[in-house]
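Copied over from Swiss-Prot:
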ACT_SITE  E209  active site, proton donor
ACT_SITE  K343  active site, proton acceptor
BINDING   Q167, K343, R372, S373, K394  (2R)-2-phosphoglycerate binding site
BINDING   D246, E291, D318  Mg(2+) binding site
Amino acid sequence: MSKIVKVLGREIIDSRGNPTVEAEVHLEGGFVGMAAAPSGASTGSREALELRDGDKARFLGKGVLKAIEAVNGPIAEALVGKDAKDQAAIDAVMIELDGTENKSKFGANAILAVSLANAKAAAAAKGMPLYEHIAELNGTAGQFSMPLPMMNIINGGEHADNNVDIQEFMIQPVGAATLKEAVRMGAEVFHNLAKVLKSKGYNTAVGDEGGFAPNLKSNAEALEVIAEAVAAAGYELGKDVTLAMDCAASEFFDKEAGIYNMKGEGKTFTSEEFNHYLAGLVEQFPIVSIEDGLDESDWDGFAHQTQLLGDKIQLVGDDLFVTNTKILAEGIEKGIANSILIKFNQIGSLTETLAAIKMAKDAGYTAVISHRSGETEDATIADLAVGTAAGQIKTGSMSRSDRVAKYNQLIRIEEALGERAPFNGLKEVKGQA
């Protein structure tokens, strides 16, 4: 009953108004899975390739008809008749058929959409929720947890049209007893932040991930206004709510000069100086997690950063590791960072994503499941976070349906699982247990 009878691809629109790939996988017995590929703005150079058409007369070159042709043509032909329950085999067929190191023939956007749609179809055929099916694929059947959210409530960098260099300033509602309570706390801080920003004469328009995107005097001011909002919401900073940042430092790294150029603040730093700048912020504010604190190629700098901060806080590799087990293995061996950001479309299949999560956990690294800045209503990452018991999730702020869809799915899952899926809060963050 889980044999694939049809694979279908279509071009849909993501949260930034750009096309993306949506796929359907149909099985015997009428079971159907549907999934869409997300898309990033600040991307690591070693990510799997997102195939775009390049036809400037259509969607300004961002069309995905070539990827759709791959889904409806060679991918569909290769998968019809295969057993959808064997996810590893399904993904292996597509990867082998593509035949490139970075999935550039069909596009990671094509392969991923089919991979996730297949998992959803298989879950339907088994009569179980997607998170339960993912747990079985992961070899951890019946082991679930609700993730601690990192809520991106001030957007900067590539995610906003403002003068803030650091890309994301996030809150973690660590004082919550449940995921649902964490979402409520996040929403309350978010609304209070709007009031704080308005009182200072700042803009309250939102960026790509639903966080506010004001022009600020400094990166430290972003943390200061969040601290005010946390207090205004009736919570204690450092106890009820902790802070996290995604520097996305590759975006302001001048490769030729070898310096970090923070134009918003009018400052430049060497690797070592920037590490000490971050350490200063960690001393000043209850920051428990920093992502991509240096350029993806600055491994010597990351080694220094890990020595400086790795025992105190979580250091997450996003552009650094790009959900790739080969790169992660090298990072583990060299003691670089202590956590990995997990993005499906950086690697391009569910099987490879699960392998990256397992490798991280086996090495004592944490895994943070993440959205992309270009999203859809697809909430698969919520099921991935619960089904792998990853412990943490990054899926934007408390506005924009493309972000809130994931929180709402987590609320539903928590309701269904009850005590079978504990919410462990701050214990999930590396260095904070």
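Placed from the backbone N, Cα and C atoms, the Cβ positions cover glycine too.
Remember, predicted model here, so these are calculated numbers, not experimental data.
Here R372 ((2R)-2-phosphoglycerate binding site) is positioned 7 angstrom away from K343 (active site, proton acceptor), judged by their C-alpha atoms. Neighbours of the Mg(2+) site: apart from D246, E291, D318, residues of the same chain with C-beta atoms within 8 angstroms of the site's C-beta centroid are Q167, E168, M245, C247, A248, I290, D292, V316, G317, D319, L341, S370, K394. In this structure, the C-alpha atom of S373 ((2R)-2-phosphoglycerate binding site) lies 6 angstrom from that of the residue listed as 'active site, proton donor'.
For D246 (Mg(2+) binding site), the nearest of the recorded positions Q167, E209, R372, K394 in terms of C-alpha separation is Q167. On a Cα basis, D318 (Mg(2+) binding site) lies 13 Å away from Q167 ((2R)-2-phosphoglycerate binding site).
Here the Cα atom of K394 ((2R)-2-phosphoglycerate binding site) is found 10 Å from that of the residue listed as 'active site, proton donor'. Taking the C-alpha positions, the distance from E291 (Mg(2+) binding site) to R372 ((2R)-2-phosphoglycerate binding site) comes to 14 Å.
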